[in-house]
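Working notes, structure below.
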Amino acid sequence: MADNPIWKATKPFVNGGLSGMAATCIIQPIDMVKVRIQLGAKGGPITVAKDIIAKDGFGSLYKGLNAGLLRQATYTTARLGIFSIISEKAKEYNKGKPIPLWQKAACGLTAGGLGALVGTPADLTLIRMQADSTLPVEHRRNYKGVTDAMTRIVKEDGVGGLFRGGGPTVVRAMALNMGMLASNDQAKEMLEAAGFEKGGQVAVIGSATIAGFFASVCSLPFDFIKTRLQKMTPNPDGSMPYKGPVDCAAQTLRNEGPLAFYTGFPTFFARIAPHVVFTLVFLDALPKIQKQYVRKLGFAHLCSFYWLTFAAFFVPAVALELGHGSGLFGGKGATGGSARAGRDYARFRDNYLVVFALMMAGDWMQGPYIYHLYEHYGFSVRDIGRLFIMGFASSAVFGTVAGALADKYGRKRASLLYVLTYSASCATKHSSSYDVLLLGRLLGGVSTSLLFSVFEAWAVAAHLNRGFDESLLADLFTRAVMLGNGIMAIASGLVGSWLVQGLGLGPVAPFDAAILVMLVGGAIVACTWDENRGAAGEEGGGSLTRQFYCAAVTIAKDERVALLGVMQALFEASMYTFVFLWTPALNPHTYVPAVHTSPDASAALSTATMRALAPDGRSLASAGAALSAEGGGGSSPQLPHGLVFAIFMTASMVGTALAGRLMATWRLEVVLQGVFWAGAALMSVPVMYHTRVADHALPRDVFEGETHPLEAHHQGSPSPGLAGADLPPAQLDAGGRVQLLAFCGFEVDGLGVGWGEGAVDASDCT
């Protein structure tokens, strides 16, 4: 990856933007508290923060985060990326020697000006959104989100409206970045020359703190002049006190002296310096983490395609979610009633969201590695299929009674049962015994039924029992879906990939991590949740027989319900087929990129494995030599399953965000027809590649369930060359890349748009 020209060109910008966004996520609560204090909130920062959390919930500390992140993604991405590039050019001009301070200052001025020009539209949008809530109700624009605000600004004021006031913004940014970036580089060189470790914590944090100070010193005079101009009122004769910025500066210097420009410096420093420090610390740490990651995994070219694909879906997913103004940070708080009711709802909501996120993370973390683990233990595709069927059958059978049992014995108890059964299911993954793994799938099916029934049922009952407005359930579940099915799914895939490949802990590690996560969630449930049960008089309540009878009557009365059930069953069948087959579909299209390994790396391969890797009768010696030259590391190539899964879930988020927009444009029936036709076309792509296994794949058609040498035997012993070996990560050939993109399209179409529209269709039948 280090030699990839695309990554080399974009790395300064990517790292710059990520650093600024990470710093914003940390500073946002501090900034929110600061604004509340400026608006007249009583008490110190800690008291004000407690009041905000008690009244509106912890998430209220991050209101406006979407616009702040957008500003960092534009302004900071541009300024830090440009500064890095022109600084390197300056070093080349100086023949590799450190550049003098005046050149650093010139680089900072240039980067700040260009970055501010790029970031002005986002900055203006952020200011408009923040100011809108302070206007009288009749004058508010009531922006729905960042995208809506930008669109309306362009419609009302033209494209030039996005750059209104850009001149002062550019000048201020030039001064701030000159002080920040030049002083950071200079201070770091001086600290390292004084004997502190190069790149050590003292040099990095010390130089960042100094940079925060000089950024404040250089930019405060411009802020001071801007504030004077904004607040000036006409003189008695109707003239304005200042003719412009230059006149304001001259009069202030002549009448009040130079120190007047630094009025309120401590407050300004407290606002500016923390963000500067965190940004520069992250900017220094990211390249080190990236180098360590590449070195640990042992491949310089790995993941370029994977990460580009991830970014291709992640960027529009974030843009669509932030632009919609909904989700985790865009929901509403409790409206109406007392402030105490609002605080109680926020506390209840945040508690449920934490629990739901942990439980979903425990489920998502396992998903990418189930098939791979069974393959690692040497089972054939046919045997793995039986294991999957056991899980699906268990969920189908227990799912019909899970809700009724939870209603009768208590939903809190059922939630804790989920933790116990799923933890036990994960624990069985340490065994290579087929029977033990079957038991694990049985417990996993039971757990899945509980996950998708009892938690939501408990939340609805607890919400209503506490007397909260029923309309707030939409806010609760919107946040839960965004957090549990979106953010946690993507994060779980990335964490799993880091555990298996980054730390080399093996394919069982994600299951152990899932146990830990679910136990934490279970502890919160045990300590904070009260028990609730289903009321006997509820429709469909009572005995299991009664529930089946009510369901049959409903289906008989309305054929739309039956048709919806058939459609849903066919849709789910395609989804579960995809879940089962994406790993074996991509496996034959993997290869090991050229990396440096030990000379005897191929010694771990058994004779059977060598034969499997020597197609067309090629000699075992040539197969071993070729694999060693490619850095085989002694085993078959390994997909980054967690990363691929994160790509899928990011694509799904794009589909979810598009669902509402599509439904607003076309009729529901038209959208769903498109979902099914597009899904069929996308799933036909792997069929074309696997009518027969490609020439470079293993010699037997694994899709017929035959055991090949890498699968050892059905008793479940690890495959030769796999157990205990470092599995080299795999790149995808052209066929694999086409299939991966088709699978991503299926995620957008099916899991994203399909499930979103299907839920609406189901609600229309009730």
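Cβ atoms are placed via backbone N, Cα and C, with glycine included.
Features as listed in TrEMBL:
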REPEAT    7-89  repeat 'Solcar'
REPEAT    99-190  repeat 'Solcar'
REPEAT    199-289  repeat 'Solcar'
TRANSMEM  202-222  transmembrane segment
TRANSMEM  298-319  transmembrane segment
TRANSMEM  352-374  transmembrane segment
TRANSMEM  386-406  transmembrane segment
TRANSMEM  442-464  transmembrane segment
TRANSMEM  476-499  transmembrane segment
TRANSMEM  511-529  transmembrane segment
TRANSMEM  561-582  transmembrane segment
TRANSMEM  643-663  transmembrane segment
TRANSMEM  670-689  transmembrane segment
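Under DSSP, residues within the repeat 'Solcar' (99-190) fall into helix, strand and coil as 77 helix, 0 strand, 15 coil. Beyond the ends of the transmembrane segment (442-464), by six or more residues, the same chain brings 348, 352, 355-356, 359-360, 363, 390-399, 402-403, 406-407, 411-412, 414-415, 417-418, 421-422, 424-425, 428, 470, 472-473, 476-477, 480, 529-530, 532-534 to within a C-beta distance below 8 angstroms of the stretch. When Cβ-Cβ distances below 8 Å are used as the criterion, the transmembrane segment (476-499) is approached by residues 59, 314, 321, 326-328, 331, 349, 352-353, 356-357, 359-361, 364-365, 367-369, 456, 459, 463, 505, 509-510, 513, 640-650, 652-653, 656 of the same chain, each at least six residues removed from its ends.
As a summary of secondary structure, the repeat 'Solcar' (7-89) carries 74 helix, 0 strand, 9 coil according to DSSP. Residue counts for the repeat 'Solcar' (199-289) under DSSP, helix first, then strand, then coil, are 73 helix, 0 strand, 18 coil.
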